[in-house]
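Asks: Quick one: this structure, given as C-alpha cells, is what I'll be asking you about.
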Amino acid sequence: MSNILRKVIENDKGELRKLEKIAKKVESYADYMESLSDKDLQAKTPEFKQRYQNGETLEQLLPEAFAVVREAARRVLGLYPYRVQIMGGIVLHNGDVPEMRTGEGKTLTATMPVYLNALAGEGVHVITVNEYLSTRDATEMGEVYSWLGLSVGINLAAKSPAEKREAYLCDITYSTNSEVGFDYLRDNMVVRQEDMVQRPLNFALVDEVDSVLIDEARTPLIVSGAVSSETNQLYIRADMFVKTLDSVDYIIDVPTKTIGLSDSGIDKAESYFNLSNLYDIENVALTHFVDNALRANYIMLLDIDYVVSEEGEILIVDQFTGRTMEGRRFSDGLHQAIEAKEGVRIQEESKTSASITYQNMFRMYKKLAGMTGTAKTEEEEFREVYNMRIIPIPTNRPIARIDHTDLLYATLNSKFKAVVADVKARYEKGQPVLVGTVAVETSDLISKKLVEAGIPHEVLNAKNHFKEAQIIMNAGQRGAVTIATNMAGRGTDIKLGEGVRELGGLCVIGTERHESRRIDNQLRGRSGRQGDPGESQFYLSLEDELMRRFGTDRIKAFLDRMNNDDEDIVIKSRMLSRQVESAQKRVEGNNYDTRKQVLQYDDVMREQREIIYANRRDVITANRDLGPEIKAMIKRTIDRAVDAHSRTNRKDAIDAIVTFARTSIVPEETIGAKELRGLKDDQIKDKLYQRALEIYDKQLSKLRDQDAILEFQKVLILMIVDNKWTEHIDALDQLRNAVGLRGYAQNNPVVEYQSEGFKMFQDMIGAIEFDVTRTMMKAQIHEQERERATQYATTTAAQNIQSQAIGDDFDSSADFSRVERNDACPCHSGKKFKNCHGRKAF
C-alpha cells in the first residue's frame, strides 16, 4: 500500500514539474507584454487567430496567449494571475481537473484556457452551478475577454430562443449545466433548423466540476409533456389508506430506503380496497399508488428530502447542496404521492419526450475540463468515466487553518449542547462562526437553540437561498454567526472583516459528517482562504444518520454500554473515529457503483439517442430532396410485410398481404388476392413497390413547388420519429424496471437490458418506417394557394400523423385545413375537432 501511495505522490510531483516549466515560459513574456500599448496588446487576438488558421496549434500559442490574458487582467481588473494559477490554467487546457483550494482564484485561472480555446472560433462554454454565478463571472471576467476582442454571451433559462442563439454564437458562453442540457434536448425536438440554438459542442469548462459530474451524475434532464389523467383520487385514496397503518404493517429497509407492506398491511389493504388479492394482476396499477404513498409518508421526509413552498408547491431539496431544485419533480408518480400526503394541489403526471444524464451530456464535448477544490477522493471515477486526471495545485500561500480532531458524543442532544456552547464562547470573543448542517431540519433545530441561548445569527438553507450572496458576504465579519446547509455559498468567498484575523479567523463547525468526505472538505474549505487564519471542528454523535445507517455492530454495542450519566462526555476512541471514515468510504463506494450501473444502462439509451438525433439533424438541415430516404423506408416496409407472411399458408399469406396493401399502400378497390396469386414473394414486393412509387409521385404533385415538397417531407419524418421516440423512451423505462428482477434468476440485468433494448430499438425503426409509408400513401394533400407552403406542409403532416395515430376508421376524404378547434370534426366521429383529429394541434 505504501508503495502505491509513494508512486501516486511521485506522479503528482512529476506532473507539477512539467506544469512549472510551461508556467515559467509564460512568465518569460511578462515584461514584453507589459511594454505593449493597449492597442498592440489587443491586436494580439486577431494575430493569434490568423496563426491558428495558418496551422499553429493551440499548444504552440499557449505561452504567449496566457501571457496576453495575464497582462489584460492586470490592466482591466487589477488582478495578475500567480504562477500556481497559470499551472491550473494549463491543466484545464489539457482537459483535466486542477484541484485548487478555496480562495485560490479559480475564476481568474479559467480566463487563460478559455481565451486560448476561444481563438479556434468553435465556441467555449463556461459552466456554473447556478445563474447567479454565471451572471457574476460573465460580467466580471467578460470585461477581460471583451477588451481583448472576444464576444461573451450569457445563456439564462428566461431567454428567448433568439437570445439563446445569439449567446451560443459568441466566442465564450456562460451557462448553467442544466440549461446547456435542456437546450441540447430542445434542439433535438425542433422541426426547423432556424429554431435550433446550439452550435456543435466544442469545449466545456465546468466550475465546481465534482458537483456537476459526480454529485448530479445520476440526475436525468427530462423534457416532458403532461398526460391527461384522472388518477388524482387514487393518489388521495392510497394516501388515506397508508395513514391508517401502524408500524407493524410495513417494513422499511433503512440502508436502501425501500419500503413494503407486511402481511398485516396486505390484509388491511385488501379490506380497505375491498379486494380478494392485492397482488392480483388486475390490481397492478393500485399497488403502484400504494407503494408510492408508502414511500411518500414513511421514507420521504419534510424539510430533508423536500420542502413545501409558500405557494403550496412541493420542491425537491438537493441532498448535496441543500438548495431546492426548481422545476424538478420526483418521477414515477412519487411527486404526486407527496402532494397528496401534504394536502396540496396534485399536478398531472407527465410523459418523457427526451432525456439525458449529465454524464452523457458532457461526454459529448470534444474537450472537457473542470475546476474544484475537492476532487481527489473521486479520482478513479473522473478517470474511468470522463478520462480526466485530477492534478492537485499547490496553494499560493501556506494553509494557516487549524483542522481540529473530531469531537464524538453519545447522543444527538449532547452533541448539540456542545455545539451551542462552542458557538457561544466564540461569539462572545467576536470570532465569526459558520455552522454547517446536512439538512434543513438540523439548521432549524440549531437556530432554535441559538435563539434560546440569546445568540443573534443568520440561517442559510433551501427556504431562503435567495439571500445567499448577502448572508455569505457578511459571514466573515466580527461576531457573525451563520448557519448553513451544504450549499454554504460554493463559488462565493467568505472574506474576513477588520480585526478578525487576530481572533483566529473564521471558525467552521460541522454538526455531522456527510456521506461523502468531499462534502466535508468543502465545508472546511470555507475557512482559511489564501493563507488566512481559520479553524474547523466537526461534532459527531453515535446517533447521526451516517452512523445509524452504516455503523457496525461494534458501535451499536458501544452505545448500549453507555450510561445516561456519560451522555455529555466526549468519547475518545480511535476505533470509533476509524468507523466514521470507514462508513463514509463505504457510502462513497456504494454511490460510485450505483453511478457506474446508471451509466451502463444509460449508455444503451445514449447509443440509440445519438442515432435518432443524428438522423433527425440530417433531416432538419437537408437542402436536398428527401425522396430517396422515404422511398427506401417504403421499400423496407413492404419487404418486412411480405417476409412476415412467407412461412404461413399461401392463401392466408396472400390475404394478409392484400389487407396490408389496402390499409397502408394503395386504395382498397385497386388490389385483390387474384392479382397476387401465382407470384413469388420477390415479384409481389416489386409489384407493390412500383404501385407505391406511382402513388408517391401523385401525392407530391399536389404540392406547389420543391420548397413545399421538402418541408412536407421533413415534417412527415420528424413528427413520426418524435412520436415513436417518446413512446420508446417510456418503454425503455419500463424495461429497466422489469429487468431488475431478473437478477434473482441469475441473469445479468444490464445484459438483458442491452439485448432487449436493442430489439425494441429495431422494432421502433420498423414502426417509424411503417408510419411514414402509411401516412405518405394515405394522406389527403391539398394545395393551399393563399398560405405559405411551409406552414401548410407542417399542418398537413401533423394532422395526418394524428389521423393515423387515432385509427383508420374515419372519412378519408375529410378536409381538416380550415377547421376551428371547437367545430365538429369533419371525420363524422361526433366529437369536437380539438378532441378528435385536432387533438395533436391543441
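Just so it is clear, glycine is given a Cβ too, placed from its N, Cα and C backbone atoms.
Just so it is clear, the model here is predicted, and its values are computed rather than measured.
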Asks: Since Swiss-Prot lists Gly103, Glu104, Gly105, Lys106, Thr107, Asp493 for ATP, which candidate among Gln85, Gln477 does it give for that site as well?
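Replies: Candidate listed by Swiss-Prot for the same site: Gln85.
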Asks: Relative to the Cβ of Thr107 (ATP binding site), which residues of the same chain, six or more apart in sequence, are found under 8 Å away?
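Replies: The answer is Asp137, Glu140, Met141, Asp207.
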Asks: Would you identify which of the binding-site residues Glu104, Asp493 has the most other C-beta atoms lying within 10 angstroms of its C-beta?
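Replies: Within the set of binding-site residues, the most crowded position is Glu104.
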Asks: For Gly103 (ATP binding site), just count the other CB atoms lying within 10 A of its CB, please.
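Replies: Its Cβ shell of radius 10 Å holds 21 other Cβ atoms.
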Asks: For the binding-site residues Gln85, Lys106, which one has the sparsest Cβ surroundings, going by other Cβ atoms within 10 Å?
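Replies: If we count Cβ atoms within 10 Å for the binding-site residues Gln85, Lys106, the smallest count is at Lys106.
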Asks: Would you mind listing, in sequence order, the residues at least six apart from Gly105 (ATP binding site) in the same chain with a Cβ closer than 8 Å to its Cβ?
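Replies: Within the chain, Gly105 (ATP binding site) has Cβ neighbours under 8 Å at Leu79, Pro81, Tyr82, Gln85.
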Asks: With a radius of 8 angstroms around the mean position of the C-beta atoms of Gln85, Gly103, Glu104, Gly105, Lys106, Thr107, Asp493, what other residues of the same chain does the ATP site pick up?
Replies: Met100, Thr102, Leu108, Thr109, Gln530
Asks: Under DSSP, is Glu104 (ATP binding site) helix, strand or coil?
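Replies: DSSP assigns Glu104 (ATP binding site) to coil.
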